[in-house]
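Supplied in structure tokens, the structure appears directly below.
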Amino acid sequence: MHLRDWIDRLAPDLLTTLRRFPLASLLILLTTVAVLVVVNEQISLTDEFWWRIVGGLASGAVFAVAGSLFNESRPRTGLAGIVIGYVLPLLAVAAFQVSDANWFVPWALPVISVLWLSVSAFTERGPDRALQQDKFWWLNQQAAVTALIAGVAFLLVALGIAAIERSLSILFGLETSDLFYRWVLPIIGFLFTPIYWLATIRRLDAFDARALQEPDIVATATGFLGQFVLTPLLLAYALILLAYTLQIVLTQSLPEGMLGWMVLGFVTTGAATWLLLHPAFMRERLLVRVFRRCWFWLTIIPLGLYALAVMVRVDAYGLTPERMMLIAGGIWAALLTLTFLIGRGDIRLIPALAGVILLVFSIGPWNMDSLSRASQAASLDALLARGGVTGPDTKPQWSGAEAARATGAMAFLLQSAAGQANLEQVLASHGVTYEAGQHNLDMFDGLGPSDQVNGSTVFLSLARPPTQAVDVGGTPYLLGRQAIYVDVPATSGALTFALSAKVLTISIPPGESVSVDLVEWLKGNTGNELADPVLSFSLGGIAYRYVLDTATVASAPDGGRSLTYLEGTLFADAAGAK
């Protein structure tokens, strides 16, 4: 019997799926290989390049699925079909490797790929727009449900694997955790689960208009959620926002805090509810008719409030990637509202507009990272000029608010290499020397704000250089990987780890413990790499050596440094030390 016959007998849909999504299947396989390399620590977990490989391959796979669906919907597209089906996915893989944040920020690509996937089979315009919207809802509802089923199935498999691994260990003393958790589970999660989901995606010619008029149990449940849960909550929340607007008018006070994210969540949930309530069988219900008639009118005042809140924050603190996301979300919501109110509404626009706007905010010198750095650098430059800074010994004439704003801008620019280059350029123009790579904040004292400043804390990830060799000859027994978060107890066998800001405490039953002072250790790790990656301690007559791969250091504006995360490998000088 040939291999194809065996595959057809064991998995009859597999070959059909591979033929339908050839490039996507290949990229899913390569993604799985890349994940296995990461999980099995063949490269450093802090190696950004390899994470870009994983992200690029995964995003490319989604673009490839979208390309296949596009070609199914337009079988005679010719060159356009080749570009969208094969060239675009490979471009997505390559784009993820662009590290120059001045021109491209790739981290939005996974979201863009999913948004494009949702509309890729429904790009036709013309008199059958209503039919295209019905097909769009039908296919995406089916795909979302089967994706949820695939996710639940994976969780059940993971629980089964955990039970098998524990049983083998307890009953037979077999240590199979590496086999199951480093090989079997990643292969199931990143290869078999996505391929299974691809096999469940319906072909477009299977569409039956009766699905939107005579719903099955899943569509009925979805409609119930939209009609009796989301719709009343959204209408009530709209009234709350309108009342808050009235309060602002009466008190003449500007909005503060998290209002921008609250309104964005409100309009996003509303758009999702609009999608849920699209089928004809839902539009006949009274509450749904009220919602569809009023919804976009109800968003006008909250969006005005939203724009005001974002402008206030940007004017006070400049642009950041988070505020750029708020601006992008506001543009998306405003365009949707305008389009639906003038009678040109189309449910395909809900994901399509979001994808286009995200793409625009990810490319070019106006991308969310580059423009944010430019904004913070310009604010700092203006503050230094206003404060009369002409050298490191000049004491700027700042108010407390101006000092806090300058400190916040410098702390933001310190978070990335590109930001440090901007900071170096701005400070140099005012006679202050700063060397890129300097991660402590001692230079703030040189700028000399006289007021107490509550600036932002900067979190820095220090990694052990891949070429650095560590002598573990005195502790030859490997106990395994160990990750420790601040204020979160972690266990490794009998050992319990407790990380505070500057002390690592390790304890064993019945109450014996030892503390490692991290203050002195931090003094030997002042750069952006772990010059001394080893923490040594003895407990219960056994010597341990904790070799770190990465450590996250919180640098406060006053120059204080503390640890928030440790990850590395634990060694001991005796077998069975755990």
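Any Cβ shown, glycine's included, is placed from N, Cα and C.
Automated prediction, rather than curation, is the source of TrEMBL annotations.
Note that this is a predicted model, so its numbers are computed, not measured.
Relevant sequence annotations retrieved from TrEMBL are reproduced here:
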- 21-43: transmembrane segment (TRANSMEM)
- 49-70: transmembrane segment (TRANSMEM)
- 77-98: transmembrane segment (TRANSMEM)
- 104-122: transmembrane segment (TRANSMEM)
- 143-164: transmembrane segment (TRANSMEM)
- 179-199: transmembrane segment (TRANSMEM)
- 220-246: transmembrane segment (TRANSMEM)
- 258-282: transmembrane segment (TRANSMEM)
- 294-312: transmembrane segment (TRANSMEM)
- 324-342: transmembrane segment (TRANSMEM)
- 349-368: transmembrane segment (TRANSMEM)
Establish whether the number of Cβ pairs under 8 Å between the transmembrane segment (104-122) and the transmembrane segment (77-98) reaches at least three, counting only pairs separated by 6 or more residues.
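Contact confirmed: at least 3 Cβ pairs fall under 8 Å.
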May I ask for the residues of the chain that lie six or more residues beyond the transmembrane segment (49-70) and have a Cβ under 8 Å from a Cβ within it?
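Same-chain residues near the transmembrane segment (49-70) but 6 or more away: 20-21, 23-24, 27-28, 30-31, 34-35, 37-38, 43, 77, 81, 84-86, 88-90, 92-97, 99, 106-107, 109-110, 112-114, 116-117, 120-121, 123, 194, 198, 201, 204.
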With CB pairs under 8 Å as the measure, which of the listed stretches 143-164, 179-199, 258-282 comes out on top against the transmembrane segment (21-43)?
179-199
